[in-house]
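Some features that Swiss-Prot has for this protein:
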type: ACT_SITE; residues: Cys280; note: active site, nucleophile
type: ACT_SITE; residues: His364; note: active site
type: ACT_SITE; residues: Glu366; note: active site
type: BINDING; residues: Ser57, Gly252, Gly254, Leu281, Gln284, Asn322, Tyr325; note: L-glutamine binding site
type: DOMAIN; residues: 204-391; note: domain 'Glutamine amidotransferase type-1'
type: REGION; residues: 1-204; note: region 'CPSase'
Amino acid sequence: MKHVLRKEKTLEISATLVLKDGTIFYGKSVGIQGETYGEIVFNTSMTGYQEILTDPSYSNQIITFTYPHIGNVGINKNDCESNVIHAKGLIVRDISSIYSNHRSQMSLLNYLLNQKIIVISNIDTRKLTRILRTTGSQYGYITTKKIHSIINVLKHINILDNPITNKDLVKQVSTKKFYIWKKNVNKQKNNNITNAKLKEKIWHVVVYDFGVKKNILNMLTHRNCYLTVIPADTSAEKVLQILPDGIFLSNGPGDPRSCTYALNAINAFLKINIPIFGICLGHQLLALASGAKIIKMKFGHHGSNHPVKELKSNTVMITSQNHNYTVDTNNLPKNINITHISLFDGSIQGLQRNDKHAFSFQGHPEASPGPHDSMILFDKFIKLMKKSYNSQQKTII
């Protein structure tokens, strides 16, 4: 295939970034004109900008890429993790007007314009990252308009950065109705149907969509799972009517403590001991349902190079991370065992209920983008469902 370099013409317009602490950056706008507010976080990934931008977990946030050149390989239709960009805005040092890759179908510039995303470029992202690392994540404001009063801007930022005004972000990104995701799985929906080719049981997994990424669903279907994806506020009673083999609690945005409806359902599932696997927000929700506490981190974990240690085997895996909240290590309930910790800050990365078929992981084992080290956790979930299923069969016999 002929290697082609494609260049997009850009019309540069001045843009301004204002942080909650009063710091001001002046740069150029390469997205749509307008203004946006959001919590500013930084992501240290060098690749995978398309997957990051389309991750629903970034809802209500403004993403800062620490890597200086973004957009070099363009955009393709297959690597989006959701249908739209949920982030409120984007901050970069430079968006390349030249893109080249055999899979690319359009430029990042055009994609951002089509998605109506406000972007500021040509600012010192290293300086911004150092500020966020020191002060913690801050609310901020990006505008292409002339600012007449910084004081009024800061007042509005302070209003938005108030827990009382924060909305339930999960319900904004969750599906509104049940749907089936059955890629690569036998089309028949029956818990006792086996895949004729693989001679294995098809596992019916109910996925709670708190902001689920497409590749998570693919990882499960690749392991012979038939998926029913459901709204975040679905009751346990409705779920149990469709006879799942296991429950998957997905990633998602915001503070898990606002998802009381999910906690009610998880507690019901724990009571009957159905297999549960939670990641990211789902990990935090399982911890809350088990009696643990959640705290907000200073600037969170956002990147694809985070080392995590598995305590049982003493091995290290490099993982993809995207979260601003973590499970509090103080006063953990006795029914929870810590399975993984971060080698960056010692925070909890994995939990296992010692009295139930339930476990969770703070990172993103689907690795989109990121390393594949933690994909084995999906296999662990399959083994857990097999164990539960075999136990039920023995009871019936």
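Glycine too: its Cβ is placed from the backbone N, Cα and C atoms.
A Cβ within 8 Å of the Cβ centre of Ser57, Gly252, Gly254, Leu281, Gln284, Asn322, Tyr325, the residues given for L-glutamine, is found for these other residues of the same chain: Phe210, Gly211, Asn251, Pro253, Pro256, Cys280, His323, Asn324. The active-site residues close to Gly252 (L-glutamine binding site), defined as a CA atom within 10 A of its CA, are Cys280 out of Cys280, His364, Glu366.
Distance between Cα atoms for Gly254 (L-glutamine binding site) and Cys280 (active site, nucleophile): 11 Å, as a whole number. Within 10 Å of Asn322 (L-glutamine binding site), counting CA to CA, the active-site residues Cys280, His364, Glu366 contribute Cys280, His364.
Ser57 (L-glutamine binding site) sits 9 Å from the residue listed as 'active site, nucleophile', taking the CA atoms of both as reference points. Taking the Cβ of Gly254 (L-glutamine binding site) as centre and 10 Å as the limit, one finds 25 other Cβ atoms among all the protein chains shown. Cα-Cα distance from Glu366 (active site) to Cys280 (active site, nucleophile): 11 Å (rounded to the nearest whole number). Counting every protein chain shown, 32 other Cβ atoms lie within 10 Å of the Cβ of Gly252 (L-glutamine binding site). Non-local contacts of Gln284 (L-glutamine binding site) by the CB criterion (under 8 A, 6+ apart in sequence, same chain) comprise Pro256, Gly278, Ile294, His323, Tyr325, Thr326, Val327, Gln362.
According to its DSSP assignment, Gln284 (L-glutamine binding site) is helical.
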